[in-house]
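Student: Sharing a structure here in structure tokens format.
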Amino acid sequence: MPGLASKRRIPVSQPGMADPHQLFDDTSSTQSRGYGAQRAPGGLGYPAASATPQAAFLADPVSNMAMAYGSSLAAQGKELVDKNIDRFIPVTKLKYYFAVDTMYVGRKLGLLFFPYLHQDWEVQYQQDTPVAPRFDVNAPDLYIPAMAFITYVLVAGLALGTQDRFSPDLLGLQASSALAWLTLEVVAILLSLYLVTVNTDLTTIDLVAFLGYKYVGMIGGVLMGLLFGKIGYYLVLGWCCVAIFVFMIRTLRLKILAEAAAEGVPVRGARNQLRMYLTMAVAAAQPLLMYWLTFHLVR
């Protein structure tokens with residue numbers, strides 16, 4: 001029948017079947033009609049996607065004012081914290097005591113071991129301000145005392161380990177006792193300076209620096225004791241004790257007797273005699289503490 005033949009010539013397109021004469025599949029209609037297919041935002045029947053919450057927050061003028069106010073509060077809080085920290089911990093002054101370089105460290109260690117060869121012990125000043133330690137070997141620093149203390153604790157642990165006596169508790173006791181003696185020294189000297197009424201530019205940080213130099217000699221004594229026994233320990237520690245005694249005498253006399261020298265008061269005065277005794281006592285205490293903190297580490 002002509003009607004049926006004409007209908008059979010027109011094939012019914014099935015889903016998923018492509019035209020054999022077509023080079024590429026037409027997927028546009030499938031994506032537009034498929035269930036669950038993705039639809040572009042802002043299309044027909046769908047509202048446009050709103051901006052992210054962060055962008056909306058930043059675009060709000062009130063939010064911008066709040067952020068500016070919060071930044072201002074944070075800056076004020078940081079400034080307040082810095083002022084309070086500087087009041088109790090003088091960070092700016094500590095930077096001065098750590099302004100060192102390799103050449104200064106080498107020269108300072110040579111001065112600590114051989115103070116007899118040094119002639120000029122005056123601290124250099126520039127516009128009423130002492131120059132940085134890296135420019136003046138006579139200036140006190142905290143780098144060598146801090147590194148020497150840490151090295152002393154490590155060497156003490158090594159000495160205890162070679163004697164099968166090492167334990168974390170014993171090493172902690174060694175470090176805490178060294179710090180306790182240093183703190184006691186500083187407090188005693190400050191109290192003595194107050195009682196003797198000495199007007200000096202010697203600060204607490206200066207005392208910590210000068211008193212911390214004895215750890216250098218203690219390290220040398222313990223190391224020589226580990227290598228050569230008690231004979232090496234006593235020889236090196238004895239040399240270091242004499243050296244630190246001379247170093248402290250020549251350094252502190254310029255600090256403690258500076259007022260008397262400026263006023264032209266005779267050294268034989270009663271107050272100046274007390275200052276001299278105080279200088280001698282501080283210098284003499286260094287060898288005693290060096291021996292007390294190291295003798296039990298060498299056997």
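Cβ atoms are placed via backbone N, Cα and C, with glycine included.
Keep in mind that this is a model prediction, so the values were computed, not measured.
If you look up TrEMBL, you'll see 1-10 marked as compositional bias 'Basic residues'. Under the heading region 'Disordered', TrEMBL lists 1-39. Residues or ranges marked as transmembrane segment in TrEMBL: 142-161, 173-195, 207-227, 233-253, 274-293.
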Student: Rank 142-161, 207-227, 274-293 by Cβ pairs under 8 Å to the transmembrane segment (173-195) and hand me the top one.
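Tutor: Most Cβ pairs under 8 Å with the transmembrane segment (173-195) come from 274-293.
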Student: How about long-range neighbours of the transmembrane segment (142-161): same chain, 6 or more residues beyond its ends, C-beta under 8 Å?
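Tutor: Sequence-remote neighbours of the transmembrane segment (142-161) are 94, 97-98, 100, 105, 108-109, 133, 167, 170-171, 174-175, 178-179, 205, 208-209, 211-213, 215-216, 218-219, 222-223, 225-226, 297-298.
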